[in-house]
Amino acid sequence: MIDTHAHLDFPEFDPDRDTLVQQMLEQGISNAIIPGVAPALWQRQLAIAQQYGFYYALGIHPWYCPLKNDVDISELKLLINSRRQDHALVAIGECGLDKLRQDTWPFQQAWLEAQLQLADELGLPVILHCVRAHEELLTLLSRHSPSRRGVIHGFYGAPELAARYFRLGYRLGIGGLLLNEDARKLHLTVQHLPLDAFILETDSPAMAPKSAIDRRNTPLLIAQIVAKMANLQKKSSVLISERLSENAVQLFEL
Ligand SMILES: [Zn+2]
């Protein structure tokens, strides 16, 4: 299994990253994708990805986009071009829209559009972050989707919303929020959409389920997410983990 979204480069993992990676392997989580967040963090992210053999994406998160409209992603382009031969670089992202961040909101759309364009030029999929801006994101994606599409990560919406993304060719990243008893819309989404619509992720160290909210999230949560999906889809955990791994392999060409 692959955790398709884990910030394993974050300092929360500095004290025990080696041990955690060992535990991941013991539990059959063979790899993870570390998404890019901000230019200032890219070098550290790349160093950790390389050290452990993790996959990675490069991009600018909507919380960290520069507060200007004259978008210049030449630094991102340059870095990606220098790594085009690296098979571990699998996507652009994470990028997207987040209405809860009022400070960057006026600038987010321009930064997202530039990264969608870049993904299309480079033939890479995108990892998308979206909070309370689904109509805006769907409008944008219906106009300018990169050819390889991508994933709406940390998805927690209703089946109707999920189906709109799936019809546009996007997958939904399902993580720890599925384990919350009150996540009814998300439970319905997992029940009603085909397995092809989903990939597995944790967004570690964030997005711990409520039962573990005071604790750091880790990729080790994947087994519980698979078990919950198996329960909701009335299928075996083995089948769920196989099919969702295939989806990740297909989307990111791993
Ligand atoms: Zn993330």
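Just so you know, the numbers here start at 1 and follow the chain as drawn.
Here the Cβ of each residue, glycine as well, is placed from N, Cα and C on the backbone.
Computed from a predicted structure; not experimentally measured.
Among the features that TrEMBL reports, divalent metal cation 1 binding site is placed at HIS5, HIS7, GLU94, ASP203. Counting every protein chain shown, the number of other Cβ atoms lying within 10 Å of the Cβ of HIS5 (divalent metal cation 1 binding site) is 28.
Around the Cβ of HIS153 (divalent metal cation 2 binding site), a 10 Å sphere holds 26 further Cβ atoms from the protein chains shown. Under the heading divalent metal cation 2 binding site, TrEMBL lists HIS129, HIS153.
Within 10 Å of the C-beta atom of HIS7 (divalent metal cation 1 binding site) sit 23 other C-beta atoms, taking all shown protein chains into account. Sequence-distant neighbours of ASP203 (divalent metal cation 1 binding site) (same chain, 6+ apart, CB under 8 A from its CB) are HIS5, ALA6, HIS7, HIS153, GLY154, GLY175, GLY176, ASN217. A separation of roughly 6 Å, to the nearest angstrom, links the Cα atoms of GLU94 (divalent metal cation 1 binding site) and HIS129 (divalent metal cation 2 binding site). The binding-site residues under consideration are GLU94, HIS129. Their Cβ neighbour counts within 10 Å are lowest for HIS129.
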